[in-house]
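Asker: Sending over a structure as structure tokens; questions will come in a sec.
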Amino acid sequence: MLFLFVLALLGLCKPLLAKDVVYNFNVSWVTANPDGLADRKVIGINGAWPLPVINVDKGDQLIVHMYNGLGDKNTSIHFHGMYQNGTNDMDGPSMATQCPIPPGSSFTYNFTVNQNGTYWYHCHTDWCYPDGYRQALVVHDSDAYFAGEIEDEFTVTMTDWYHTLAEDIKPEFMSLYNPTGAEPIPNAFLFNDTLDTSLAVKPNKTYMLRLINTGAFVAQYFYIEDHEFTIVEIDGVYTEPTTADILYLGIAQRYSVLVKTKDTATKNYAIVTMADSTLLDTIPSDLRLNLTNWLEYDASASHPEADITVSVSSDLDPFDDSTLVPYDHMPLLTDPVVSINVAVVMANLDNGEGYAFLNNISYTAPKVPTLYTVLSAGDLATNALVYGEFTHSHVLPHNGVVEIILNNNDTGSHPFHLHGHNFQVLQRYPSYGADFFDYASGDPHNYNAATNGTSGFPTYPARRDTLVLPPGGYFVIRFVADNPGVWLFHCHIDWHLMQGLAMTMVEAPDQMQQRLTIPDDHYAACKAAGVKTEGNAAGNDVDFTDLTGQNVQPGWLPAGFTTRGIVALVFSVACAFLGMGSIVLYGLSDLKFVNKDDAIATSAPQEQYHDEQ
Amino acid sequence: MVNVFAVQVFFIVFRECLEAVIIVSVLLSFLKQCLGQPHQDQAIYKKLVKQVWVGSILGVGICLIIGGAFIGVFYGLGHDIWSNSEDLWEGIFYLIATIIITIMGLALLRINKTKEQWRIKIAQALIAKSQGHKKSRFLGDWARRYAMFILPLITTLREGVEAVVFVGGVSLGYPATAFPIPVVTGILAGLTVGFFLYRGGNAMSIQLFLIASTCVLYLIAAGMFSKAVWGLQYYRFQLAVGSDVAEEGNGPGSYNIRETVWHVNCCNPETDNGWDVFNAILGWENTGTYGSVISYNIYWLFIMLAVSYMLWEERSGKKTLRERFLGVLVKVPGLKGYAGKKLDVIHQNPDEIMRQVHQGLFNEPAIEQGVEMK
């Protein structure tokens, strides 16, 4: 009895020990020059950049009071990887779960962090996080199975860096003159938002590195010279300790690795981050693709530049994350009640600009944030129609197993992120390794349940919240719809999100209506931004099935001759015939000169001849 | 096909060749009428005929050399410049070619009229020589003696150089391999038609042949005008897009949708076999832009207007533009001599001058002396 009481007390202790972690973020423009190449305007918090790393313990209540002091730009914060179970309204993506927060407005994010691991936070309004508005979010967990081994930990962010504001990049990227949709080439790459740094370590200890790709576009390879490491966490999910020597971090992916230091402290070793150059359409000569930072055993010893042994990044053979086994050994989810089968397609629409599609829909934001549509649509909330055609919404039943089959009909890789969940990775093809780029040109290789089969699915599939879709390949993922909310599923390359590479999961809308209450400051932001908080995707709050006036993607390019083309061609042909007719007329009228000629040629000499005789 | 047969080159060579043949044939028929009769001295006649042939062949020979050198230098030195910004240069060259073809093309349909005018011109030249006031006795004598050599030499040379310049103008965008065949076939066609003209073949069928050729020539010209506009527009698009345009092949992004009237994702004359012929003759592009479609139609409208005006001019007997222009020039001091002569040709009564030639020229002792002296 006493034993039971103690157990119960212990159980209660955890939440009782949980604390509120409060941040006040005054978001404003500051100037920064992290690569030493150019000053630029970046989004700072409380007048500083790089932004503060958010540190919380598992179970804490994270409260962020944000004030938009940018003056000229809407904003919001998405806490990447947070499940937000029960607090969908705190997820952050504009026009999905909230309104964009206009300049001068305040907004409070307040949610419980009942999970552990390495995350990050970033702006999720339009395309604002490449302007510097992103940083690590670390959830410490003293109960982690490896916690006892660790001497110390480092958080490492790696990112691409642009010298131009994203809003100025946009008109050149989304342009008639960029028909291939070639993504903007970064001006630099950063390591912890700077260059040439060292992580000071002692010999013969174990350190944890929390690696995060906080970039907007370019994936990064990561390795440490002469060091192996042990993967213990991906995207907040502890894994069975697994040895690796090279990692590939797609945008928004995280790894925690344990590094055992050497016995002697005589030398510093290069930490190499290498940009995945296959993503870049052109590589400017002044762009440094490889960065060297150091695992510093001895600050006074030399810090040598890494000796790069491969000519291109794709020669590296990174660890295949789909083979990892979660530490909790959660078994394969079976019998999905919903299977969503979509393909990534890049194409041009009739304004000549490049767009990205899942099947044939390029995500186009609705007029009312989808969450608010859920809450105002009543019984119609289970009807995907009300969320509009171009939010590409799927309504998922509560607690059902959901499968997403994502084919890639594009030649580039795409790091896909699902909000509010991590998902089981059932199959990915081609996976990391020598054949990863096999379908980077030529015909894509789509998933076929009959031939690719369910038999190959792992017993304990790896789980994460961001997975890289191989060029021309596919992946199959599953998750349980146990988190009522509006969750985006999108490519985390911000330029592709700009092009519409996203779709919406509306999970258990009836549960949301019962459980969720939107705080007043969220509605106040809408009012300030002039965005409706009730109605369907078209803003119609009377007839939710009437989507007249919804935001739509531009029209499709005509496949061949349109009326206009036919008329033009007919006119041209008619004109040509009339023109040739006039030439014929002119030509025939020349015959009148012939007779005269003949007269001279024949009669004149003969007359003369006769005269002489 | 376009790379070994530049259609517009064929037509220009054909046309210039035909004109040269006409001149020679006019000369020959003069000789035949005046000296070639059975009662006349066959030796003189044959010598003069020989002079005509030698003169014309020498003229053709010289201009072939000039032409070869011209084109050789052009391709040797300049051609790399064009290939860099191909569409810009193609646009400009097509524009030049269109203008050249448009101006000279309709003359092909006045072959009989041209023939008559040459007859007058030559006759005039001969009369002028026989009556001529001699500034230099030696030169005058020489010129008179070899009139039948100099005239065809100068005229074939003139037509030949003209052909070279025109061919150069219309073909700047072509590789050197596109020349030999159209030049040779053009010469052959010109000679053939000229022969039939000389022999007094069926005027109607010759004329029909010429009409058909001219129609094709103008189809090409209209197409080139349209392509010129297209090329310049495309060049601008390409500048803005960069190298990605080529990467797109026929698909979206290979054309500027905002200026497109039609686009089909195939049938690209640059890449798809067969369509380059369609492109060379009709100016086909798999993207029709507002510029290219409108310019095509405007070109034909212009041709129709030009033809109607010329027909009206001929029929109403009003002064032609050329006459009016020369009329103005006559009043300009310094140009009086030049313009006056040209006007004389126009105002000459052809029958009258012919008679003068027949009566006077070849019976004149000077010529016979000259010939005998030889």
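Cβ coordinates are placed from backbone N, Cα and C, and glycine is handled just like the others.
Note that TrEMBL annotation is computational and uncurated.
Found this in TrEMBL, in case it helps:
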{"type": "TRANSMEM", "residues": "B:6-31", "note": "transmembrane segment"}
{"type": "TRANSMEM", "residues": "B:52-77", "note": "transmembrane segment"}
{"type": "TRANSMEM", "residues": "B:92-111", "note": "transmembrane segment"}
{"type": "TRANSMEM", "residues": "B:146-167", "note": "transmembrane segment"}
{"type": "TRANSMEM", "residues": "B:179-198", "note": "transmembrane segment"}
{"type": "TRANSMEM", "residues": "B:205-225", "note": "transmembrane segment"}
{"type": "TRANSMEM", "residues": "B:293-312", "note": "transmembrane segment"}
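Quick one: how deep are these features, and who are their neighbours?
Answerer: Below 8 angstroms of C-beta separation, residues 45, 48-49, 52-53, 56, 59-60, 97, 100-101, 104-105, 107-108, 111, 114-115, 118-119, 122-123, 126, 148, 151-152, 155-156, 159-160, 162-163, 166-167, 170-171, 174, 178-179, 182-183, 185-187, 189-191, 193-195, 197-198, 213, 216-217, 220-221, 224, 280-281, 357, 362 of the same chain, each at least six residues beyond the ends of the transmembrane segment (B:6-31), sit close to that stretch.
With a cut-off of 8 Å between Cβ atoms, the residues of this chain six or more beyond the transmembrane segment (B:92-111) that come close are 8, 11-12, 15, 18, 22, 82, 166, 169-173, 197, 206-207, 210-211, 213-214, 217-218, 220-221, 224-225, 227-228, 231-232, 299, 303, 306-307, 310.
Remote same-chain partners of the transmembrane segment (B:146-167), defined as residues 6 or more beyond its termini with a Cβ less than 8 Å from a stretch Cβ, comprise 9, 12-13, 16-17, 19-20, 23-24, 27, 31, 48, 51-60, 62-64, 66-67, 70-71, 100, 104, 122, 125-126, 129, 179, 183, 367, 370.
With a cut-off of 8 Å between Cβ atoms, the residues of this chain six or more beyond the transmembrane segment (B:179-198) that come close are 4-7, 9-18, 20-22, 24-25, 28-29, 71, 111, 115, 167, 171, 206, 209-210.
Residues 7-8, 11, 14, 94-95, 97-98, 101-102, 105-106, 108-109, 111-112, 170, 193, 196-197, 279-284, 295-296, 299-300, 303 of the same chain lie 6 or more positions beyond the ends of the transmembrane segment (B:205-225) yet place their CB under 8 Å from a CB of it.
Within its own chain, the transmembrane segment (B:293-312) is flanked in space by residues 98, 102, 106, 218, 221-223, 225-226, 228-229, 261, 283, 318, which lie at least six positions past its ends and keep a Cβ under 8 Å from the stretch.
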